[in-house]
Amino acid sequence: MNRWSWSDFQLYVITGENYHPGRSMLEVMEQAIIGGADIVQLRAKDTPKEELLAQAFALRELTDRYHVPLIINDHLDVAIAVQADGVHLGQEDLPLAEARRILGPAAIIGISTHSIEQAIEAEAGGADYIGVGPVFPTGTKPGRQAVTTEYVRSAAERVKIPWVAIGGITLSNVDEVIAAGAARICAVSAIVGSDNVADACRAFREKINQQQISQKEKLSIRINGREEQTTAQSVSELIELLGFAGKRMVVELNGTIIAREAWRETEIEQGASLELVHFVGGG
Ligand SMILES: Cc1ncc(COP(=O)(O)OP(=O)(O)O)c(N)n1
Ligand SMILES: Cc1ncsc1CCOP(=O)(O)O
Ligand SMILES: [Mg+2]
């Protein structure tokens with residue numbers, strides 16, 4: 001991953017110094033990158049500007065060394081000063097259009113969204129990616145209402161630009177978020193607060209990859225007009241998986257009736273349309 005293919009990212013890690021007393025932000029973020037963080041954000045809400053700027057320069061040097069994109073939370077001036085790859089803005093921060101006017105077309109601008117309406121607005125306004133969250137309640141943004149995996153599900157259905165699920169995501173609940181359709185995960189506490197930051201990142205990456213492999217293996221097909229996902233590769237396998245093995249059936253695949261003898265060698269391909277008629281009763 002590098003800044004030229006930034007949108008393929010899977011694991012986005014944000015700084016959170018209060019989660020790792022005794023370890024520096026730089027050593028923690030280096031471990032995150034080594035473990036597989038493929039985009040990072042500097043977020044330090046209460047840090048004075050001068051110190052924030054120094055942290056941003058140091059993180060720029062680190063991310064340059066590893067060819068990882070750097071995003072600055074909230075502060076466009078800091079992003080410009082350190083030649084970061086972009087900024088992340090919330091609903092109450094500088095409006096997207098203003099940020100774009102200042103930063104230009106090449107900058108990566110991410111927008112926090114808490115509803116599908118906000119997501120559609122950010123997409124239409126030219127955001128490069130959006131944050132979807134907080135999925136779960138989180139101490140990193142106390143008091144902010146969780147959007148739940150319901151919003152993750154609608155983002156998966158409707159958002160066309162890259163989007164990342166964020167907020168209260170841990171190794172114990174990330175499967176739920178991925179199952180709701182998230183292909184990109186962002187975390188603070190579960191990663192930077194972990195004893196072994198690199199291993200935590202590897203574990204998150206493993207879970208994201210695992211899900212993507214099993215999604216890829218599934219074919220999207222239509223059965224009697226309904227969109228379905230299947231791992232079946234032949235008509236006979238599909239009939240078995242649907243629990244119709246041994247039953248009297250007529251199978252039509254893409255408009256052609258398939259004789260029972262041909263079920264085993266007839267492959268099912270992505271986008272196939274099947275009509276299955278099951279005869280009930282005998283006589
Ligand atoms: C990737 C990502 N998503 C959401 C946020 C939150 O941004 P915002 O709502 O502006 O809140 P603060 O982070 O500024 O407290 C984010 N930073 N990154
Ligand atoms: C910055 C931010 N925006 C929405 S949730 C959140 C915090 C994410 O932190 P954590 O992964 O510790 O819940
Ligand atoms: Mg903000």
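Cβ atoms here come from the backbone N, Cα and C positions, even for glycine.
The feature 4-amino-2-methyl-5-(diphosphooxymethyl)pyrimidine binding site is assigned by TrEMBL to GLN41, LEU42, ARG43, ALA44, LYS45, ASN73, SER112, LYS141. In the three-state DSSP reading, LYS141 (4-amino-2-methyl-5-(diphosphooxymethyl)pyrimidine binding site) counts as coil.
According to DSSP, ASP74 (Mg(2+) binding site) sits in a coil region rather than a helix or strand. Residues or ranges marked as Mg(2+) binding site by TrEMBL: ASP74, ASP93.
Positions annotated as domain 'Thiamine phosphate synthase/TenI' by TrEMBL: 11-191.
The 4-amino-2-methyl-5-(diphosphooxymethyl)pyrimidine site in the record is lined by GLN41, LEU42, ARG43, ALA44, LYS45, ASN73, SER112, LYS141, and its two most distant CA atoms lie 16 Å apart. Here the CA atom of ASP93 (Mg(2+) binding site) lies 15 Å from the CA atom of ALA44 (4-amino-2-methyl-5-(diphosphooxymethyl)pyrimidine binding site).
Its Cβ taken as reference, ALA44 (4-amino-2-methyl-5-(diphosphooxymethyl)pyrimidine binding site) is surrounded by 21 other Cβ atoms within 10 Å in the chains shown. The binding-site residues near ligand 2, defined by a Cβ under 6 Å from one of its atoms, are LYS141, chosen from GLN41, LEU42, ALA44, ASN73, LYS141. Fewest other C-beta atoms within 10 angstroms, among the binding-site residues ARG43, LYS45, LYS141, are seen around LYS45. Spatially close to ASP93 (Mg(2+) binding site) yet at least six residues away along the chain are ASP74, judged by Cβ distances under 8 angstroms.
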